[in-house]
Structures are given as C-alpha cells and as structure tokens.
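Listed features, source TrEMBL:
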| type | residues | note |
| --- | --- | --- |
| DOMAIN | 2-180 | domain 'Prephenate dehydratase' |
| SITE | 173 | site 'Essential for prephenate dehydratase activity' |
| DOMAIN | 193-270 | domain 'ACT' |
C-alpha cells in the first residue's frame, strides 16, 4: 500500500504517515493540495496532512482544500503528535554565529519566546517544511540554522544546538488521514463539516448552533473562514462529538441543512483521544429508537 503525505521525509507529517499506515510505501508530496489530488485520483488510497496545531491553530490550506476543492476526499482518522522543536545547524556552529533561521511558517511562531530571548536579531526565512529547512542548512554555511526534528538532524548530519525550544510543553499537532470513503462508527467519533450560509440573515448562526445544543451535541471546534466569493462572506467549520450515523447527529444535520445554503461533510471518523460522547435521557440512541418505533405505529394506522 502507498500513503501520500506532505513531505519530505524527516517531518512530523512523515511520522504521522507511518502511524497511519505502518510499513507502507511513503510517497512525499510538496503541497497539501497535491496530497488531496493524489487521493482523489486514486494514486494512493491514503493521504496524511496536518490540520491543526495547539499553539498556532488551524492549517488554513488544509481546511480550504477540503472545503472548496472537488468533493470525494474525506477525513477517515485523526492522529495527534507532540511537537518537539530543536535548533539545528551544521557541526561546529555556535548559537552566537547564527544570523539566519529557516523553517516552516507554522514552526517559527511556535518558538517565538525562545527566539526572542536567544536570537532576537536573527533573520527569519520561511521554508516549505521543517525537513526542507534542515536540508537547506546542510548545504549552507555556519551562519544558517533551522527549526526541526531530531530525525531531520540525523538525516542531514546536523547538530542539535538547543532541544525542545517550543514555547509550550503541550505543543501538539493534529494530522488527518484522508481517503475516498468515510469511516464506520466506533462509539468514540468526531464529525467535521463546513456550513455555507448563503443569504445573510439575522440570527442565522444562532439557529444553527441551537440545532446542536438542543440535542446535547458537543461542538469541539468552531471557526469561520472566508468563502473566497466576496468580501464579508464567511463559512463556518465545525467539529462535533459524534458520528453521522447517530440518530441525534443525523437529525441535527438534517435540520441545519434546511436553514443554510449547503452543508459539506469533511469526514466522520474515530477520535484520537477515544473519548465517548455520552448522550443520556431524551438524547440517547435508545430514546431516538423508541420514538421512531412509536411514530411507526402511528404511520401504520394510516390508510394505504
């Protein structure tokens, strides 16, 4: 089996790809849209991309590619990886020698406090990935360093000048595993979707949120993004606790769909933390099933 991922090797995404498909052939891609297109075309059954970091927030390119691109690619699983950022340089380099620092644009802000304290005047240069930055440093002189993984240091024969320099010890990145079909329910699931409102009306967002609240559906994430159609027009990305096959989730989604222009399901998949979204009383699956049976008895009494 082949798994495509946002490359190159030596990145956190490569580590997530190994977790997603142990022992599979890994095929690195240079951009997130390339990963999604490869899965959609059938070049590989599995793709892995980053979607969120606990410090810097969402990876907007991943959200936009899934929400606005051609349909047919879905999130099938999420993987979370603790992020350890290290200062990498060629052997013999000292911290005081460094005048330029390279890394992925999302990696640099994750180490802002350390950089302000130890390299306040360093020139920051974005790179396509942490591993690309490490490779560039391996070919540069002793004044250039990179932020990256210990694996990248080994891969490109670099020294680790400073370990674990991320601003927060709990720094974690969430990756998603992509495929062309949605996952079966496990009992500990999450559903990601994007809502397009269309016509702007007062109270529209509250109406949507009420549909979930009335059914005791927990929203674990809610975020707005421009629709890219016109200024001031936004869509809403939502992660909710539950699977689309659950009666209360399905009923909420049907109700939301009636009030908006479109609802696009990005995936319904197992949660990385394996937390079960408990629903009790009138919001339980048993209560929904009992209500459905009761209503069936009413329908059965209607003349055919």
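Heads up, the Cβ atoms here are built off N, Cα and C, so glycines get one too.
Note that TrEMBL annotation is computational and uncurated.
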If you skip the near sequence neighbours and keep only those at least six away, which residues in the chain come within under 8 angstroms of residue 173 (site 'Essential for prephenate dehydratase activity'), Cβ to Cβ?
12, 50, 52, 53, 54, 80, 81, 83
Averaged across the domain 'Prephenate dehydratase' (2-180), what pLDDT does the model get? Just tell me the whole number, please.
91
